[in-house]
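In case it's useful when we look at the structure, here is the feature table from TrEMBL:
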TRANSMEM  49-71  transmembrane segment
TRANSMEM  83-101  transmembrane segment
TRANSMEM  116-137  transmembrane segment
TRANSMEM  146-165  transmembrane segment
TRANSMEM  177-199  transmembrane segment
TRANSMEM  211-230  transmembrane segment
TRANSMEM  242-266  transmembrane segment
TRANSMEM  278-294  transmembrane segment
TRANSMEM  300-318  transmembrane segment
């Protein structure tokens, strides 16, 4: 019955069917990219490569790709004419600043928590994404979808445990663990959910182009990173050895792939929202485990085998039982 209704809706609304096809296509590409990225980076990025140089190059590639895609779809001139500094800062400036703060908090937390605790607390960002999507966009979740989100969080925790190292907490003081470990990662999860919902608001409510947001956020993020190089170890390394120290021609492969992933994140958020992006990222962890088995001969952990059906069930439930407004009885 549900399948018949779905087909009827798609036949009556070809645009919705086309958008749905795009969502699945972009989600699949992002899953594959996110899942393959760790293995490709490990093989093609030498240990000597300065992190800041690869990040800035990735952002530059991202900007070029987004501009080319805007030109290809014929929106480059329109976006240029309608662009304003205020509109850019409200749509992209705040999320970019939030993401920068989030990354800093995660670095602080990771140094003061064991891997297991960090991984478990970090998965709460899925819950906060759904929460801020409701607060900012009034996008409600059905009871079944809320259950699916908890299943997904369980799967993410299992996958994180499977990948966790034996790294012990660097501090045995409870106060330090609380204020420099637990609090920063929880605040980072809140900020991640808020930034994701703001990006969704900008693209779906303000109709801000996904490609334009990619350009704006890349430029803002790059400016913040460049300003930090005056005192950071990476900045000192760049001044001493040069920007492309340790690079080879093959280093461009993971950099370009990562840039494409950034554009796909924007498209998935724009078309499907931040919650769907969370499903994609958790699914990608399974892809990583599969690729590690194929190319490295590393067997998936028992946690991964338990997480696989949880991810599949949660995706199925989330798609099958969307929130529906109850009709008032006359």
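The count begins at 1 with the first shown residue.
Quick reminder: no glycine exception, Cβ is built from N, Cα and C everywhere.
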What else in the chain is close to the transmembrane segment (300-318), if you only count residues 6 or more beyond its ends and a Cβ gap under 8 Å?
144-145, 147-149, 151-152, 154-156, 158-159, 161-163, 275, 279, 282-283, 285-286, 289-290, 292-293
Pairs 6 or more apart in sequence, C-beta under 8 angstroms, 3 or more of them: is that satisfied by the transmembrane segment (83-101) and the transmembrane segment (146-165)?
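When sequence-distant Cβ pairs are counted, the transmembrane segment (146-165) does not touch the transmembrane segment (83-101), since fewer than 3 lie under 8 Å.
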Pairs of Cβ atoms less than 8 Å apart decide it: which stretch in 49-71, 116-137, 146-165, 242-266, 278-294 has the most with the transmembrane segment (211-230)?
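Counting Cβ pairs under 8 Å, the winner is 49-71.
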For the transmembrane segment (146-165), I need the partner stretch with the highest count of C-beta pairs below 8 angstroms, choosing only from 49-71, 116-137, 242-266, 278-294.
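Per the Cβ count, the answer is 116-137.
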Residues sitting near the transmembrane segment (49-71): Cβ under 8 Å, six or more positions beyond its termini, same chain?
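That would be 79, 209, 211-212, 214-215, 218-219, 221-222, 225-226, 229, 232, 234-235, 237-238, 241, 243-247, 251, 254-256, 258-260, 262-263.
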